[in-house]
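Features of the protein shown, as given by Swiss-Prot:
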CARBOHYD  ASN90  N-linked glycosylation site
CARBOHYD  ASN241  N-linked glycosylation site
TOPO_DOM  1-9  topological domain 'Cytoplasmic'
TOPO_DOM  31-326  topological domain 'Vacuolar'
TRANSMEM  10-30  transmembrane segment
Amino acid sequence: MEDKRKRRAATLSTALILFVACCVYTLYIFKFDNPRLSPPVSLLPTISTLKKIEHVTDLNKEYVFVGDVHGNYDEFIELIDDKIGGLGENITMILLGDFIHKGPDSDKVVSYILNHKDQVKCVLGNHEILVMMAYLNPDFSKWVRRPKLMTPLTFSTETNFIPQDISKISNAHGRLARELGFSKLSQLAEHCSMAIELDLDITGDILFGAHAGMVPGDFMKPNQIPGVSSLSNMKYVDKKNWSKTSREKENKNYVRWYTLWDKYGDHFSNAKVFYGHDASMGLNLRRQTKGLDTACIKNNLLSSMKVKYDIKKGQYDYELIQVQCS
C-alpha cells in the first residue's frame, strides 16, 4: 500500500513538472516570437493626421516650406541663417518630411526642431515613419513575413498603422531609432503631423503641406481623408479611383498624382500643395503643386519656398530659396 502511494506521488510530481515545463516553454515562445507581448518600454503618442494654422491675418507673417533635408544639418542651418536671415517671430518654417535618415546629422536636425517648436513645424515622411516603426519593433527583420504581428503606429485617423512594405525598414533606421530614443521620437510624434493646413484669411487661399502630396479634394471635401500611406509614400494614383495610390506605377491607369491637380484643380482653385518625396522629378513647380525635393542628400540642392504677402499687389508671393549641398 505504501509503495502504491509513493508511485502515485511520483507520477503526480512528474506530471506537475511536465506541466510547468510546458507553461514555461509556451511563455518563452510567446515572449520572443510575438512582439505584441513584449513591446518597447513606452509606446509613442498618437500622431495627428492633420494640423491646422487657422485664420492667418497678420500681413507680416511669412511661411517657408522646406524640401527633404535628410539629416544634412549644415545645409539646413545655412538655409535658415544665411538665406532666410534667421527665424524671427514673424517666420514659420514647415519641414515637408524626410528631414532625418541618410545624412550625417539627423540627431542635430531633430534637436533643432524640438528646440524651436513655435517656429518650426513638420510633417512626417516615409523615413520618419520607418524609424518610428524600428523603435517600436527592435526585431523588425523577424516580422517581414508576418507584419500584422508588429506593434503599429497610431494616428488620429488610423489606429493600427503598419507600412505596406516593412522590408523597407533597414538597419540604418534601427540605429537611428536607438540614437534618437523614446524622448525625441515621442516629441516628434506629438509635434509633427502627416499634413499641415494654412488658412490665409486675407486672400482666402489654403496651403497644404504633405510629404508625398495630396489629390484634389483631400481634407477639403467631406469624408475625403487621405490615408497615412498616401500622405507619406504616394507617387501615383489610379485616375479612375483616386483612393488607390502607390509608390510605383501599378498599371496604365496610374498617373502622377499632381497631374490630377493640373486637370481638376480649378474645382479647388484657392488651394496649393507643397510636398517633397519625389527627388527623381526634382524641382517641380506647377500652378497648384510645388515639389521641393531636389536631392540634397546627393549633393544637389536643398530647396525651399517662402510665402509672403505683398501689400502693393494684394496677394501672396512665392519665392524659391535654395542652398547648394555638399
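Counting begins at 1 with the first residue displayed.
Cβ coordinates come from backbone N, Cα and C, glycine included.
Look at ASN90 (N-linked glycosylation site): DSSP puts it in coil. Look at ASN241 (N-linked glycosylation site): DSSP puts it in a strand. Applying an 8 A CB threshold to same-chain residues 6+ apart, the list for ASN90 (N-linked glycosylation site) reads ASP58, ASN60, LYS61, GLU62.
Averaged across the topological domain 'Cytoplasmic' (1-9), pLDDT in this predicted model comes to 53. There are 9 other Cβ atoms within 10 Å of the Cβ belonging to ASN241 (N-linked glycosylation site).
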